[in-house]
């Protein structure tokens with residue numbers, strides 16, 4: 001019998017039909033809560049969803065874009081004048097460009113044999129048998145010859161290697177930083193295309209008469225020159241909250257973020273870019289912090305090949321473009337309007353929970369809210385309920401339950 005009752009209660013009941021019943025509770029506290037939650041939900045959807053997020057618009061967030069960069073400036077290094085060919089990598093520009101701020105130079109290297117640096121593991125020796133011929137230590141600078149030789153002009157010895165000599169760790173010369181680099185300028189040209197809306201915009205304002213003259217004189221300013229795409233390196237470091245002197249010492253990677261947020265319900269000329277700058281590489285006293293790279297300049301002397309090895313510390317600029325465009329469309333407007341109207345129903349759920357859980361006489365409210373026609377009482381019975389309690393039943397008149405309701 002127990003199993004049959006279970007089936008009856010939980011499976012046959014699946015075919016029961018439920019219909020809502022309107023119950024008016026004349027409780028001022030609950031009424032204030034209900035209207036307050038309603039006001040909050042409606043205000044949230046009107047302000048945040050429709051005004052702030054513009055949910056009435058069709059949007060595009062993956063535009064096509066191109067970036068071209070170019071750097072200018074002159075610096076003095078001793079008696080030498082350095083121009084952009086000397087300190088800019090790569091020279092053709094793109095969405096990544098770097099400038100050299102400080103160099104460590106090893107002059108007159110050539111292929112030969114010399115002593116390994118003493119800091120390389122197992123490089124120190126006292127006899128030839130300590131050095132294995134042909135061994136290549138990837139933490140070192142070359143291939144070992146099997147000989148133990150004096151370490152340049154020192155009294156101790158290290159294993160001899162075949163490599164570019166003299167090695168960088170021994171012969172490198174540290175040059176001073178380029179102080180003038182703080183006034184170097186970088187020109188960033190960006191074009192963006194929203195194919196869904198067939199809108200093409202650029203970060204340079206079209207000006208057929210004085211366009212080139214304007215670009216030769218301007219520097220970017222958010223208020224005065226928002227269409228000038230020329231930035232001082234000192235300004236970029238300042239906006240990224242970095243000390244330029246520290247960047248000269250260790251180098252660093254800075255992101256240049258170009259943000260296009262376009263409301264195409266307005267004139268397309270109102271679609272303007274905004275710029276922000278942020279340091280991208282880790283810099284909290286880590287061995288890998290900063291930015292540097294090596295390159296060499298090769299030359300011949302007396303028929304023999306030589307090179308100058310340069311370890312460069314500098315600023316690398318990564319130009320990152322984000323775009324978002326929106327235009328009014330009836331479909332998202334209808335969808336989000338229906339969603340907003342549906343969400344107002346949460347007010348009744350919250351107030352029902354409060355009424356059935358926290359308010360006095362919640363047992364009486366619960367008994368009147370949920371009716372089961374299989375358990376209808378004798379029609380002669382009369383129930384007296386609180387004065388604030390009223391039932392509206394579909395197909396019947398208003399009943400004031402303060403005087404009793406005959407069921």
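Using N, Cα and C of the backbone, Cβ positions are placed for all residues, glycine too.
Check TrEMBL against the ranges 32-50, 51-69 and you find transmembrane segment recorded for 32-50. Counting other Cβ atoms within 10 Å of each Cβ, the lowest count among the recorded positions 183, 185, 292 belongs to 183. A gap of 28 Å separates the Cα atoms of residue 262 (disulfide bond) and residue 185 (ATP binding site).
Residue environment of residue 218 (disulfide bond) contains 14 other Cβ atoms, counted within 10 Å of its Cβ in all protein chains. Between the alpha carbons (Cα) of residue 292 (ATP binding site) and residue 159 (disulfide bond) lies a span of roughly 29 Å. Neighbour list (residue 131 (disulfide bond), Cβ cut-off 8 Å, at least 6 residues apart, same chain): 125, 144, 145, 146, 147, 148, 159, 160. Scoring each of the recorded positions (71, 159, 228) by how many neighbouring Cβ atoms lie within 10 Å, the top position goes to 159.
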